[in-house]
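This report refers to the structure that appears directly beneath it.
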């Protein structure tokens, strides 16, 4: 063991802890002593050995530290904050002027898709309560498929029990749907993704609308309405229910601006909200990038992916609202660390090394880690060790809640699942699909990320809710499986090529003899059925999870759909991810020089 400390290889510096004030009570002092950061004494035990290691040849990040530190936005100025507050006040007044139920539903839909719903939660809830509790038999439930579908989708989204039988009025004597109205079909298609298991009417609605939308897209009729054409294309690619709110907002603002019935008040507020959030994200990225650079992981562990900005995109997608800054910080760093550890287990580490690393995480013993781990693993382990302890100390200080055991166990579950897959690879074992998924729902990081989201984004932490999350409830189980399957659809080809354990597609092919095309379609069908299970849970009024925690979980799954829809958006940095990262994080939406008109009601033409 070397007796000197090399400053350039410290896993984390004391500077990372300068922002932490002294503990204010005896319990906190004791905990802080337990959580103090550790410096790395590099061991040469393994470093001189020649080991044949695989390489994934990952490309470096296109967003480097210097670029992130150069970010600067005008939207942090007080003038913009005052203007945004003024606009929100005007919108609240205008919302009260919208009387007709259909106009109210369209207003809510616009608020959600423009990224403004979190600013008007009370107003939205009041409107939906009135619509749901109104015993009046609205005419649209028999005559207007668009309105009926919109009402169904919004009510189910917000947890109101609505029967699928509201659509019986739009079926013929043979039970088939009757509709030649494109707007109604599109609305029904979006509503069908809120279906539950066993709802035959909603399944028929999905089949009918999917077939019809594909036929229309093939035809040339869509040239008459570019806006509807773009909506149809995106709906077939990914429904609204599966889209990340912040990503949808950036696209919808652009589309909404082109609409003849746009409301200028909502449009300006949406642009202002997006730009001010983007300014917040940029400041957060600068701080996190400094932390990441101090660890030295990106520089020293060159075999691993350096995906800090992609990691931030995940955290922003999970918790985009301004009040979740600390949650985004913890999630971003966690996902960046997960990425490095994943590459160690998938590509770089030997099986013996991986078993020792797993043992070190289970022991959570710094002396054991320093004695037994090779140098590159010391850096990774100590970065994880110090960060988890910093996180635990921060929450203890803020809430007098010791989360160390919970977060350690969550990380250990992931590491153990990684080891299972590494053993499968080294033994050339191909599991059956169900066996693969039971381990894969953990190795995809779903349980860990939702635990981190809850612990970093909740104040106060509720012990009962945390224990429920730790029990692997159905909503975590099925959401994580969807995450796993979507990841496999986007990454399996690249991962198999560079040498990795068979993914769900290959497992199904091996188990059934199916072609890859058939296997991929089977995986897609599985995901849609799993979403029905998730929908049932979110509709459960007796759930111990808060709405915020549930939304964290749903947004994690939605982010997986985005990241892996066109390939490996996290690891390979495909063009879709690069473009979205640029528009979301670095490119503000232009505002008009003069203030826009404020007279029109948000739900109607402006």
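Along the chain as shown, residues are numbered 1 onward.
Using N, Cα and C of the backbone, Cβ positions are placed for all residues, glycine too.
Motif 'DDXXD motif' is the annotation Swiss-Prot gives to one range among 337-341, 342-346, 347-351, and that range is 342-346. Proximity of distant same-chain residues to the motif 'DDXXD motif' (342-346), defined by a Cβ-Cβ separation under 8 Å and at least 6 residues beyond the stretch ends, is recorded for 56, 58, 303-305, 354, 357, 376-377, 380, 415, 418-419, 421-422, 495, 500. Here residue 484 (substrate binding site) comes close to 437, 440, 441, 443, 444, 446, 504: these same-chain residues lie at least six apart in sequence, with C-beta atoms under 8 angstroms from its C-beta. Counted over all residue pairs in 342, 346, 484, 487, 503, the record's binders of substrate, the longest Cα to Cα distance measures 16 angstrom. Just so you know, the Cβ of residue 342 (substrate binding site) picks up 19 other Cβ atoms within 10 Å once every protein chain is counted. In the three-state DSSP scheme, residue 503 (substrate binding site) falls into the coil class.
Broken down by DSSP into helix, strand and coil, the motif 'DDXXD motif' (342-346) contains 5 helix, 0 strand, 0 coil. With a cut-off of 8 Å between CB atoms and residues at least 6 apart in sequence, the same chain places 444, 560, 563, 564 near residue 487 (substrate binding site), listed in sequence order. Looking at the motif 'DDXXD motif' (342-346) alone, the prediction's average pLDDT is 95.
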